[in-house]
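Below is one structure, written out as structure tokens; the observations come after it.
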Amino acid sequence: MTAPPAVNGHTVHNGLKPGAIPGRARVSRRGGRIRRRGLWLGALGVAVTLAAWELCAAYGLVDQMLASRPSQILVAGRDYFTTGTGRRDLLVSGTEFLAGFGLALVVGLGFGLAVGWWRWLDQLTEPLVSFAYASPRIALVPLLVVWFGIGLGSKVAVVFISAVFPIVLSTRTGVRTADRALLTLARAFDANRRQIFRTVILPGAVPSIVTGVRLAIGVGLVGMVVGELIASSEGLGYTILYAGNTFQTPLMFVALFVVSGAGVLMTAAVRAAERRLDRWRPDGHA
Amino acid sequence: MPELRLDHLTIDYPARDRGPAYRAVGGVSLTVAPGEFVSVVGPSGCGKTSLLHAVAGLVPAAAGTVSFGGTPIRGPGPERAVVFQHASLLPWRTVLGNVAYGLELRRVPRREARARARAMVELVGLGDAASRYPHELSGGMQQRVNLARALAPEPAVLLMDEPFAALDAQTRDAMQAELLRIWAASRTSVLFVTHHIEEAVFLGDRVVVLSPGPGATVRECVPVPFDRPRDTALRRTPGFVALADHVWSTLAGARDRKAPHERANLETR
Ligand SMILES: Nc1ncnc2c1ncn2[C@@H]1O[C@H](COP(=O)(O)OP(=O)(O)O)[C@@H](O)[C@H]1O
Ligand SMILES: [Mg+2]
């Protein structure tokens, strides 16, 4: 037999522990080093930008009134979360986002799987879905306010209509692009449709679904902010608008950064979950 | 004992645009006795995969029948298992998980499925790699998993579709010897399809030579007289070379169909 001796040869040659898989160990260790370097470089980029911003404002190269400066933003941020409306805004906006996004996740996955699996359902709904997807859904906010009022409901609806489409489309694609060879394999073992769905379609669709979920986080947050800009009296989006209108530029940046930070954190969480789920994929995918 | 019988098996693929259907296989008859290893050799594109998939119940027969132990075959069934040309492993399952796959689909209890899969993984020599994922395996190792997965539910007939075609020559030779060892241990019958003449002769009890498509038929059925167990050195004996040469000329459609295989018989005795 040829393969195990070759593996052992490698093991000895590379000085790895016996039983280690040389390919995987080597690749993922280098992958880890590159990831760590990425973190450092990213932090450096942020630090340089903030420093440049601060210096430009300090030496009067840009108008502080308009551009603010990081040190002021820091102070405004502290005030916002101690004496200001920060925590309340976070609660309000967080509730809107999580409710809308959760709904989009459930509906998007369910509908995406259904149209991916049943051809006729896809044909029935495809024109509507394409049309709705292509339309600027954010323009529906005034109408949603009429339907659901100025409170939580309209914002949940905005987040939902923003986030549901990427999830539906990527889920459908994931189901549709199932590996034909694996479908044939399952059929050869006399698998029924449920078994095929569970063992071939669903696991094969995961990478595509995760991509859709990541996209949905971004557009969902945009939906949340726009909803609050148009019709709200609290929340992060409302604070952005209010601070802008009252020339509290630092506060405006604080609220903006909280939204961006939440987006970055959630995307990172999805990425981490994906890495755990996708241990089977070759290294080096996005 | 049940035997696999193909009786004037014909396979058509519907044409696009209302043209006539494409006849891939045009009336192939052959039998595979219990425990027998039958090689089917034919040029690429002659309909070997179609033939095998029809026996597997994945493709319908346009005419003729496939039967097992006298019962006609209409779809996939537990007495047959396919080793696909491309390993077709579930990339999100480990070696062990892939080998257990067929057992799970047949609702073998989880614990028992794992145990049987484990034994199969050992049999094909992948004991140390049981927890690896397919992308961490070489092509030869992937085909071992493919083979173990097919054998795990203990089918009566193994249907193999050029499983070694994508391997380098050395690995291929090693895998052929491995296959014979594993087959001897499992005692299933094998219908083994290939375009590789030497492989067909080395492995088979008989070599069925197909004509090129469309409408492939059986040109000749060549008995292979060499004793088992066979080892790689057999390939270099004059008898083997002569028999392979005979299959080659049959395949090429040459007129000359006399001496070589009789000579092969004499020289091995
Ligand atoms: N699904 C299909 N639809 C139409 N034609 C097919 C299909 N599968 C195979 N064929 C045709 O049938 C012939 C035999 O194919 P195949 O059985 O794959 O041959 P082989 O395995 O011997 O290379 C080829 O000409 C191929 O183009
Ligand atoms: Mg083929």
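Each residue, glycine too, has its Cβ placed from N, Cα and C.
Automated prediction, rather than curation, is the source of TrEMBL annotations.
Some features that TrEMBL has for this protein:
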type     : residues  : note
DOMAIN   : A:90-270  : domain 'ABC transmembrane type-1'
REGION   : A:1-24    : region 'Disordered'
TRANSMEM : A:39-62   : transmembrane segment
TRANSMEM : A:97-118  : transmembrane segment
TRANSMEM : A:130-150 : transmembrane segment
TRANSMEM : A:156-175 : transmembrane segment
TRANSMEM : A:196-227 : transmembrane segment
TRANSMEM : A:247-270 : transmembrane segment
(message) If we skip the immediate neighbours and take only residues 6+ beyond the ends of the transmembrane segment (A:39-62), which ones have a Cβ under 8 Å from one of its Cβ atoms?
(response) 68-71
(message) Below 8 Å between Cβ atoms, which of the listed ranges A:97-118, A:130-150, A:156-175, A:196-227 makes the most pairs with the transmembrane segment (A:247-270)?
(response) A:196-227
(request) Would you kindly list the residues that approach the transmembrane segment (A:130-150) from elsewhere in its chain, counting only those six or more residues past its ends and only Cβ-Cβ distances under 8 Å? (result) 156-158, 161-162, 165, 169, 222-223, 226-227, 230-233
(request) Using a Cβ-Cβ cut-off of under 8 Å, list the residues of the same chain that are 6+ residues beyond the ends of the transmembrane segment (A:156-175) and lie near it. (result) 96-97, 99-101, 103-105, 107-109, 111-113, 115-117, 122, 129, 132-133, 137-138, 140-141, 144, 147-148, 201, 204-209, 211-213, 215-217, 219-220, 222-224, 226-227
